[in-house]
Amino acid sequence: MTKKICIAIDGPAAAGKSTVAKIVAKKLRFVYIDTGAMYRAVTYIALKNNIAYEDEKAIAALLQKTVIRFEPGEVQQVFVGSENVTEVIRSIEVTNHVSIVAAHPSIREALQERQQVFATEGGIVMDGRDIGTAVLPNAELKIFLLASVEERAERRYKENMAKGFTGDLDQLKKEIEERDHLDYTRTHSPLKKADDAIEVDTTSMSIDQVANKILSLAELKINN
């Protein structure tokens, strides 16, 4: 039987976390938990209910009454209550405001508690901004992915084009720099590399190369 370890993958926007985490989880037959999708879902419910993104108290009250769940599939499905929000939480509007919502301490605390419940039995791959430092500080394997702003903007641009969104590459660079600033400087659970995390610069690596590197590290932990 495969040892059920927890793998935490952190890093800034568009560093390739989700794509790599899905591959690693599938290969190991682990459960993938997309924490970014949870913050996006909260941002979406604020948008849907006409609540200002800065209104932490109102968003927190709404979150208390909201169930966010995942269902497996070729593309993991994300639900808010009974509504499938898999596509809408990737909209430009949500993408441009999720860092504001994610900076609210009460929102982070509420979602971190839910994320920790997901991980109680191990056998999970979880990606986000603060998994190795705040959500799963005892994870057996912690990875911190990096890539240049230019590379990340290029990746996001290609993603947007594939989804039919138009966009400006220079504008994407600016937005990523702004998200980095918000993520690294927020008071509660800022983005930072855990002391025991392994740093992987993905700038000149393919997705498969990154995934294979993490799988090799995971196998060492599983067989140790």
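Placed from the backbone N, Cα and C atoms, the Cβ positions cover glycine too.
So that you can see what the record holds, here are the features copied from Swiss-Prot:
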{"type": "BINDING", "residues": "Gly11, Pro12, Ala13, Ala14, Ala15, Gly16, Lys17, Ser18, Thr19", "note": "ATP binding site"}
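Residues Gly11, Pro12, Ala13, Ala14, Ala15, Gly16, Lys17, Ser18, Thr19 make up the record's ATP site, and a Cβ search at 8 Å around their centroid adds Val20, Asp127, Leu145, Ala147, Arg152 from the same chain. Within 10 Å of the C-beta atom of Ala13 (ATP binding site) sit 26 other C-beta atoms, taking all shown protein chains into account.
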